[in-house]
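If you check Swiss-Prot, you get these features:
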DOMAIN    27-128  domain 'Ig-like C2-type 1'
DOMAIN    139-222  domain 'Ig-like C2-type 2'
CARBOHYD  Asn43  N-linked glycosylation site
CARBOHYD  Asn157  N-linked glycosylation site
CARBOHYD  Asn198  N-linked glycosylation site
CARBOHYD  Asn339  N-linked glycosylation site
CARBOHYD  Asn345  N-linked glycosylation site
CARBOHYD  Asn401  N-linked glycosylation site
REGION    26-92  region 'Interaction with GAS6'
REGION    823-853  region 'Disordered'
REGION    866-894  region 'Disordered'
TRANSMEM  452-472  transmembrane segment
Amino acid sequence: MAWRCPRMGRVPLAWCLALCGWACMAPRGTQAEESPFVGNPGNITGARGLTGTLRCQLQVQGEPPEVHWLRDGQILELADSTQTQVPLGEDEQDDWIVVSQLRITSLQLSDTGQYQCLVFLGHQTFVSQPGYVGLEGLPYFLEEPEDRTVAANTPFNLSCQAQGPPEPVDLLWLQDAVPLATAPGHGPQRSLHVPGLNKTSSFSCEAHNAKGVTTSRTATITVLPQQPRNLHLVSRQPTELEVAWTPGLSGIYPLTHCTLQAVLSDDGMGIQAGEPDPPEEPLTSQASVPPHQLRLGSLHPHTPYHIRVACTSSQGPSSWTHWLPVETPEGVPLGPPENISATRNGSQAFVHWQEPRAPLQGTLLGYRLAYQGQDTPEVLMDIGLRQEVTLELQGDGSVSNLTVCVAAYTAAGDGPWSLPVPLEAWRPGQAQPVHQLVKEPSTPAFSWPWWYVLLGAVVAAACVLILALFLVHRRKKETRYGEVFEPTVERGELVVRYRVRKSYSRRTTEATLNSLGISEELKEKLRDVMVDRHKVALGKTLGEGEFGAVMEGQLNQDDSILKVAVKTMKIAICTRSELEDFLSEAVCMKEFDHPNVMRLIGVCFQGSERESFPAPVVILPFMKHGDLHSFLLYSRLGDQPVYLPTQMLVKFMADIASGMEYLSTKRFIHRDLAARNCMLNENMSVCVADFGLSKKIYNGDYYRQGRIAKMPVKWIAIESLADRVYTSKSDVWSFGVTMWEIATRGQTPYPGVENSEIYDYLRQGNRLKQPADCLDGLYALMSRCWELNPQDRPSFTELREDLENTLKALPPAQEPDEILYVNMDEGGGYPEPPGAAGGADPPTQPDPKDSCSCLTAAEVHPAGRYVLCPSTTPSPAQPADRGSPAAPGQEDGA
């Protein structure tokens, strides 16, 4: 009889031969009513995470049945089982050997129990003998203590929970590595009540069972000061409030300072509703303690405020107190009334004035008027809230050199008096003026000189109106035709003059939006984004590339002229959907508000005769120090190299991480993060730029794959190169390359590796190597950004925090007396392998002391690279080899 193995796909040949050999010795003629099982499941006992296999074997006659697995009497529907069938004869009606295996991966408590095999033969059901799976090992933690902050001497609870088997599991708590009990308790103490701490401590718990001991993570409990108490007002001034408070306990850590915040009550309505933070930026002051008292200045008089205080120790700040409503008192007006006029008409003197332009510092209650003649005492009047008064002249006597002064007053007192305003001198024998308030006559009594003034004003206004209408009419013609056609006869011919320079397209923003054919909803959002094109004046070109140019410009605003950077695009928008996407993104970018993110000033369009839609023009703030890559490059390779300390480089990295953290919280993906797309403002802070609307204007760093648009392959993440998928994690990859650029002072990544070879180079596991003089911690952070799995890369929040901590740990930067760049390995350098300084480790450098003991080496470069030394006389350019750095402005073209 010939034996054959069925086609079982993945069944090993050795296993098949073993079954066939067993079948040759197996007894024949098994009774149908007898159990067909010839092998039953065994027992498995192990620790958590163990991998094991259960097996049962049966011999049947005829078509082999399907074997089911039971756990505690229940069929396992999703069991990881395999079934192998081996015939014992050539006929399908002969006996079969059936082997079923159940694989248990990563043993857990839920996998324990009684296991059996189940088969159905005809109308009978057969169940194998049981096998048992048990779990025994070290205790496993279900809950561990967590880090937290608590106020000094404030009770709190910690939780810890573990399980076996084997049971029981006893817990032992430790504080600062010292057990809180001499031995484990009689039962698991899952919750630990701590009555209070006066210093920062660490807590952990140990779980004990028959197999051994497992220790939980260590939780750090940071002790912060208690919330200050009894915040109250000590004294009030119109622009100052003096407040005091009682400090809370701070444990063994003395308070270093307290912070007081004040916010306007009118703008902080949410405060009264219990909001923990004010809706606007509060006015903040710090005070060294003791004493626990602070004078808060620069406030508005007669204004309600809410104030709160928090105190800080070396461990951190306390919680804020509840908001306390306070109000500054009224003050006197800061200035006198304006535009005082004093005129006489017959027997009446008219005095008129306007409200003070200076702040009133309270509620205006009225005005006081004082007048005095040369030989008469001063007369003081309370006018109330009126802004004019009539003095009736009557009686006998004489008055000369009469002057009038006016002052405003509030509940706090009188403000400053105005300068004396003289009345026309009265002739002797004329009546002496005595004051009385009279009602304004129903018909104003004007003298003849007033009529002349009124008539002259009407005539002047009419002339101005006629001239304006004429100029508007003439301007319409010039705008439409360039210049009015003026027929003049010269030698019998008609001459037409045309002035092109006086023809402008001054369409308003409304007209521009209407001409684009976009939706009304988008049009409404664009009111604050669009800028009239004629308000932008272009200057010199700052940079130009394949897709457009960046030019210096000026934006004419209502009351000033703003220096801006203007990006013009050579690629026009072809469809209305592209136009709406462009404008929608502009609306989104206009709302960005972060010190490390380049903000968008506005967008305008310039018409094109060859395109159906106008070309976009992006208006951005002008950055004094230009882009970060050029700054780094010139600091290393310029005519006068500049020393950049490590502290400044880490600050650049932290600024970029902060800006990208903000963009990622806005769910905004940059897609082109690099040093060339980061700008330096006048404060040497880095702003992330060239995202969204900014078409790329650089050439060398972009590689076109087929018809796909150019991509910056040396900065782009590996998954984006493969699938064109961009996420915030792909921006993290680009940030790591940008960190490498900063650490190398502007070198090009992967020198010697072509753009078309980058993907294969990365797929082989290659990454940028650690630059010279780069901190190990910084390079470790870069390497985390280049993890193959995007989920393993850090977030921008983690990157920012790590960089800020690194910056704090560095010593203060020190400027060297003189920085000299030299070639540290003269005479026969080693050829650089592909990716040198970014693909392979540089060769060993000789000791700088052996070359020149009087030089201060600022950087050590790989062999064969040219560097610059300060020189008072110009020297001829040296020939650059393949390993030498590119000239400024060319190094990007990898």
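Even glycines carry a Cβ here, placed using N, Cα and C.
These numbers come from a predicted model, not from an experiment.
Features per Swiss-Prot, on structure.
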residue: Asn43; record: N-linked glycosylation site; DSSP class: coil
residue: Asn157; record: N-linked glycosylation site; DSSP class: strand
residue: Asn198; record: N-linked glycosylation site; DSSP class: coil
residue: Asn339; record: N-linked glycosylation site; DSSP class: strand
residue: Asn345; record: N-linked glycosylation site; DSSP class: strand
residue: Asn401; record: N-linked glycosylation site; DSSP class: coil
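For Asn345 (N-linked glycosylation site), the nearest neighbour among the glycosylation sites Asn43, Asn157, Asn339, Asn401, judged by Cα separation, is Asn401. A gap of 105 Å separates the Cα atoms of Asn339 (N-linked glycosylation site) and Asn43 (N-linked glycosylation site). The least crowded of the glycosylation sites Asn43, Asn401, judged by other CB atoms within 10 A of its own CB, is Asn43. Among the glycosylation sites listed (Asn157, Asn198, Asn401), Asn157 has its Cα nearest to the Cα of Asn43 (N-linked glycosylation site). Looking at Asn157, Asn339, the glycosylation sites in this record, the fewest other C-beta atoms within 10 angstroms of the C-beta turn up around Asn157. Asn401 (N-linked glycosylation site) sits 80 Å from Asn198 (N-linked glycosylation site), counting Cα to Cα. Across the structure, Asn198 (N-linked glycosylation site) and Asn157 (N-linked glycosylation site) place their CA atoms 15 angstrom apart.
Other C-beta atoms found within 10 angstroms of the C-beta of Asn198 (N-linked glycosylation site) number 13, with every protein chain shown included. The DSSP breakdown of the domain 'Ig-like C2-type 2' (139-222) into helical (H, G, I), extended (E, B) and coil residues amounts to 0 helix, 44 strand, 40 coil.
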